[in-house]
Amino acid sequence: MTTIRKNHPLFKAANSALIDLPAPASLSSLWNFGSLLGLCLISQIATGLFLAMHYAPETSSAFASVAHICRDVNYGWLIRNMHANGASFFFVCIYIHIGRGLYYGSYLYKETWNIGVVLLLLVMMTAFVGYVLPWGQMSFWGATVITNLLSAVPYIGESLVQWLWGGFAVDNATLTRFFAFHFLLPFVILALTLIHLIFLHETGSNNPLGLPSNSDKIPFHPYYTIKDIFGFLVLLFALISLALFAPNLLGDPDNFTPANSMVTPAHIKPEWYFLFAYAILRSIPNKLGGVIALLCSILVLLVVPILHTSKHRSLTFRPITQFLFWLLIADVLVLTWIGGMPVEAPYIITGQIASALYFSLFLILMPMASWLENKMLTW
């Protein structure tokens, strides 16, 4: 059996990635979230495939087809609830995964980190086009508002928006192409995930101390396979509990009303996991400026490895930067809250301060804290 595992062309690749992989002995549960993201992706593809079998990507029947799935298809309600809430769990895992990377200096594996940022952008795009598919009020108006942001692009903006819409407004052509994108992109994400792993296995995993762990490695199986399976069980238990007991907790009530281009909802807002970026977008009182800020809120992650000046990799031994990291987490939570609030005082100024702090932490305060900590090492 060992010979097949180590010599077979297919099995040996899986063996070197999942069984005989040398892993640091001190990985905490924060290192579980990569495998949990893999589980979320597989779960979303599986449930999405079954939903696609019954969904009708056509404006006159999309909303009714989702109702049909929930009422008439065997366990359709469960599949739909698992898929909708699975997206929320996906983003919980992805944000914790990124937070762990920032805290422990995993971004110094630059190729792995950069592919991770591309994956984040693709997952966000997939979730956005997926939110449009039920064709409720918030689906329609969310699509209208966000796609309209492209009109801020100088010179070609208007043409770009009409090209994306397939007409002069969000309509049937838009829904059809968004369904095509939503079906295709998870498989692109799957392929990029494999590349993400290939680059990770070139260097090996980082560890909580941020120190080289070549002298202290253990085989991935059984130690971390058991740990990952435990993580899977916890995640699935939480997801199934949410899907069964409070399936609409994270959704928007407006989306239970079929899309109507003649009636605008009082407050147009995206799903909770985009609210921090939406708050940053709204904090700039200029359309193009807001779009640039929105993009930079994600792309700022690409400059984190460049701005790393500390002699330590991890924040484990860096109390000042540790404080700034938790300030960043609090700031993102404040932005998430502001994104769900109406555009009025005091939310406007609070959002602007939180947005300024968000970029300051990444671009100014954390690099300065690293420089100060380096100085303190020589005192």
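Don't overthink the numbers, they just go from 1 along the chain as shown.
Placement of Cβ uses the backbone N, Cα and C atoms for every residue, glycine included.
Source: prediction; values computed, not measured.
Features as listed in Swiss-Prot:
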TRANSMEM  33-53  transmembrane segment
TRANSMEM  77-98  transmembrane segment
BINDING   His83, His182  heme b b562 binding site
BINDING   His97, His196  heme b b566 binding site
TRANSMEM  113-133  transmembrane segment
TRANSMEM  178-198  transmembrane segment
BINDING   His201  ubiquinone binding site
TRANSMEM  226-246  transmembrane segment
TRANSMEM  288-308  transmembrane segment
TRANSMEM  320-340  transmembrane segment
TRANSMEM  347-367  transmembrane segment
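What Swiss-Prot annotates, mapped onto the structure for a quick look.
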residue: His83; record: heme b b562 binding site; Cβ within 10 Å: 21
residue: His97; record: heme b b566 binding site; Cβ within 10 Å: 20
residue: His182; record: heme b b562 binding site; Cβ within 10 Å: 22
residue: His196; record: heme b b566 binding site; Cβ within 10 Å: 21
residue: His201; record: ubiquinone binding site; Cβ within 10 Å: 14
How many whole Å apart are the CA atoms of His83 (heme b b562 binding site) and His97 (heme b b566 binding site)?
21
Please indicate, using numbers and ranges, the residues of the same chain that are 6 or more beyond the transmembrane segment (320-340) and have a C-beta under 8 Å from a C-beta there.
99, 102-103, 269-270, 272, 274-280, 282, 310, 347, 350-351, 354-355, 357-358, 361-362, 365-366, 369-370, 372-373
Between the Cα atoms of His182 (heme b b562 binding site) and His196 (heme b b566 binding site), what distance do you get, rounded to the nearest Å?
21
Per Cβ pairs under 8 Å, the stretch of 77-98, 113-133, 288-308, 347-367 packing most closely against the transmembrane segment (226-246):
77-98
Answer key: the stretch among 113-133, 288-308, 347-367 with most Cβ pairs under 8 A to the transmembrane segment (77-98) is 113-133
The transmembrane segment (347-367): which same-chain residues, six or more beyond its ends, come within Cβ distance under 8 Å?
279-280, 282-284, 293, 296-297, 300, 303-304, 307-309, 321, 324-325, 327-328, 331-332, 334-335, 338-339, 341
DSSP-derived structure type at His83 (heme b b562 binding site), helix or strand or else coil:
helix
